[in-house]
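**Student:** Quick paste of what TrEMBL says about this protein:
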- 27-50: transmembrane segment (TRANSMEM)
- 62-79: transmembrane segment (TRANSMEM)
- 109-130: transmembrane segment (TRANSMEM)
- 142-165: transmembrane segment (TRANSMEM)
- 177-195: transmembrane segment (TRANSMEM)
- 201-219: transmembrane segment (TRANSMEM)
- 274-293: transmembrane segment (TRANSMEM)
- 313-337: transmembrane segment (TRANSMEM)
- 358-378: transmembrane segment (TRANSMEM)
- 390-415: transmembrane segment (TRANSMEM)
- 427-451: transmembrane segment (TRANSMEM)
- 463-481: transmembrane segment (TRANSMEM)
Amino acid sequence: MSATAICRAELRSGWRRFARSVGRRPLATAVMGTLALLMVLVGVRIIAFVAMRPEQFPDEGYGTILLLLFVLLLLRSAGITQRHALRAREVDLHLTQPVATRSVMLGQFGAVALGATALVALGVALSLMVRWGAGIPLVIPTVFWTLLALFALLAPLCGFLFSVLGNLQPMSRKLRYLATLAPLLMLLMYLASYAHAAPALVQQVSAAALLLLLGYLWLAEGLYLDAVAAQRLATGTTLKWRVMELRWLRRLVGQRVAAVARKEITSAIRERDFLTATLSTLSISAILLFWYYQTGIPGEEVGDLAPHHYYPGLLALALYMAALLQCTLVGAALLGIEGRRLWVLKGLPVDSRTVMQGKGLGLLLLALPGIVLVWLPLPLAAHFPWQVTLFFGEIAIALMLANAGLGLWAGAAFASFDEHDRGNPDVLTQFMLIGASAFMSALLALLPAAVMLMYDLPDGTRYGLGLVAGALFAFCGYGIYRLGVRSAADAYRTIWIDSYGA
């Protein structure tokens with residue numbers, strides 16, 4: 001009964017936060033709902049396109065959908081567990097009551113699992129509605145629904161356990177327990193990817209894994225309590241590396257801006273949200289390379305893309321996703337994550353422009369390695385012409401700067417000090433940022449790409465004009481970044497103590 005009450009309270013709290021954000025931005029809700037339908041339509045059309053061409057995609061099937069669903073839900077569940085089931089102050093309140101620790105843990109897990117299940121159900125309903133409304137010829141095997149239900153339960157369970165085990169201290173204990181979970185995670189991802197090849201076997205093994213993990217969760221009562229305690233006792237460490245002192249940067253931007261940038265870098269490295277964004281960015285690069293070595297160059301047109309445009313198109317999409325993760329979404333939390341420390345920063349004799357310049361510089365320095373690791377590996381592996389590789393470098397710079405400016409502005413204009421969300425804006429604001437980032441990134445990438453694709457010109461002239469256009473749009477990205485810093489500084493000056501908790 002206690003676990004049920006805790007689960008119900010968590011779900012009600014989440015629903016109230018969502019309803020409050022919807023009530024404040026009804027127009028944005030309608031726009032985001034429309035964009036969600038369009039994204040579902042595009043996704044269903046892509047799935048139908050692949051399903052109708054088994055000779056072109058022999059290794060793809062609904063197992064790929066299950067794999068993506070499993071990974072995304074696992075990451076989402078791990079993040080929610082980190083914020084709501086381990087760090088939230090309400091957990092301390094539950095644990096001080098005459099309630100068993102296992103009941104608290106199961107109640108928190110129930111809220112995570114039911115939230116993930118509701119999200120999957122909503123996605124399925126929208127997909128079926130879009131398929132019926134658009135008349136898309138997509139046949140869904142009956143066994144897919146059973147596998148979908150299994151992996152929709154396995155993903156939040158694995159994410160919850162992964163977050164709990166990942167917060168244990170010391171490091172040796174953390175690694176020891178994670179080593180017990182990692183083989184099972186790898187097995188489940190392998191089974192999900194090839195579920196369409198042997199659905200009966202995958203069904204049986206997944207059901208057995210579900211029972212095993214439920215038993216693991218039942219016995220993890222002490223581990224959950226230790227993970228919560230580790231969150232309260234952890235103080236973090238200050239990096240003493242000479243490179244982190246950023247002495248070379250002081251000569252370029254001044255001591256105050258460099259000091260704020262150094263503080264941002266050292267703080268971000270301690271934050272698991274930043275580490276999650278970095279790992280997600282690196283996984284994008286790994287997926288690109290895996291896809292290239294797995295499928296090679298397509299033998300025919302893929303939709304509207306010619307075969308030699310297939311991987312450049314994927315690389316452009318990957319650069320947008322990397323800039324979104326590393327710059328826009330991380331930047332949107334830079335002020336909110338400060339919490340009460342922000343008022344100490346505002347009390348220092350440092351003007352708002354200097355603060356935002358330092359935060360923006362720290363954001364760019366943190367994002368640069370991930371962006372480079374998305375940009376370079378695929379062109380080198382696929383032997384792009386050096387002019388094309390350099391062109392994508394210019395596009396990467398433009399997207400990184402523009403998305404950093406957008407993130408800084410959003411972080412100051414929509415600063416959230418809700419401790420549950422670790423400084424992240426509400427869901428609707430994040431969706432608005434994703435849409436704005438997509439529109440802005442499309443303009444910055446497609447317009448210079450149109451110059452690069454002028455095939456009626458000689459290759460040398462075409463490449464030269466494309467590089468010039470890429471450089472011009474990189475300067476446009478820098479202009480957006482400067483505008484974002486200035487707007488963020490103006491919004492920063494209007495944040496006062498009554499904003500805390502808003």
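Using the three backbone atoms N, Cα and C, a Cβ is placed for every residue, glycine included.
Caution: TrEMBL annotation is automatic and unverified by curators.
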**Student:** Within this structure, do the transmembrane segment (62-79) and the transmembrane segment (463-481) have 3 or more Cβ pairs under 8 angstroms, counting pairs 6 or more apart in sequence?
**Tutor:** no
**Student:** Do any residues of this chain, six or more beyond the ends of the transmembrane segment (177-195), have a C-beta under 8 angstroms from a C-beta of it, and if so which?
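**Tutor:** Same-chain contacts beyond the ends: 61-64, 66-67, 69-71, 74, 147, 151, 154, 158, 161-162, 165-166, 168, 202, 205-206, 209, 212-213, 216, 223.
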**Student:** Which listed range (62-79, 274-293, 313-337, 390-415) shows the maximal number of Cβ pairs under 8 Å with respect to the transmembrane segment (427-451)?
**Tutor:** 390-415
**Student:** Against which stretches of its own chain does the transmembrane segment (274-293) lie, if we need a Cβ under 8 Å and a gap of at least six residues from its ends?
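**Tutor:** Those are 75, 78-79, 268, 311, 314-315, 318, 321-322, 325-326, 329-330, 366, 370-371, 373-374, 377-378, 381-382, in sequence order.
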**Student:** At an 8 Å Cβ cut-off, counting only pairs 6 or more apart in sequence, do the transmembrane segment (390-415) and the transmembrane segment (142-165) clear the bar of 3 or more pairs?
**Tutor:** no
**Student:** Do any residues, 6 or more residues outside the transmembrane segment (358-378), come within under 8 Å Cβ-to-Cβ of it, and if so which ones?
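**Tutor:** Sequence-distant neighbours of the transmembrane segment (358-378): 249, 253, 256-265, 268, 274, 278, 281-282, 284-285, 288-289, 292, 311, 314-315, 318-319, 322-323, 325-327, 330-331, 334-335, 384, 389, 392-393, 396, 399-401, 404-405, 407-408, 481, 484-485, 488.
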